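Asker: Starting off with a structure, shown below.
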């Protein structure tokens, strides 16, 4: 049996691990008045470091940029002829694995939905696959943990970007295939499963070291505080 490429193995193991940390609830959409939007855009633009600022139009619609990381475990089908739309079949199609570090920047408006963003991404790459195969996720970091949440087709990514601010640590967007259920581990070969275990062992050791350092720091602070309270007078 032919082994899967290492990037694909890493993609599967990463997504399998993150599945535990998936946020079940979506954040409620808070309606913002035109004045509140204006203030948030001014605050957002003052914090931008890459010149990708937002613009508020007179009709209340605002435009801006979002960056989307492509994390696709399976190969995508790309058309050599850009004139054909998604789902078209042609002999001029090539399937290949997209690198996980591929990041695309899109200029969108506050009215664009998640589904429209996915379609725009696929169109930009001339991807022939059905857009319904893909989903857009938001990822954030909280207390050394990574949380990822699938966005509904009706949500508006630029609104989420505006509310979170420009820092990607607070919020980033990821394009993935739709979840198809639990990982079918029995479909992998023995060498691939052994490779999974090596990766897990390495990551487990790294996480243990992080936890040990964190609790050692807590212990030092507690001992320092206790030393200050129980000083002999």
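Here the Cβ of each residue, glycine as well, is placed from N, Cα and C on the backbone.
Annotation source TrEMBL lists domain 'Ras-associating' at 90-180. Residues annotated as domain 'SARAH' in TrEMBL: 182-229. What TrEMBL lists as signal peptide is 1-18.
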Asker: Taking every residue in the domain 'SARAH' (182-229), what is their average pLDDT?
Answerer: 78
Asker: What are the DSSP helix, strand and coil residue counts for the domain 'Ras-associating' (90-180)?
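Answerer: Tallied per class, the domain 'Ras-associating' (90-180) gives 22 helix, 33 strand, 36 coil.
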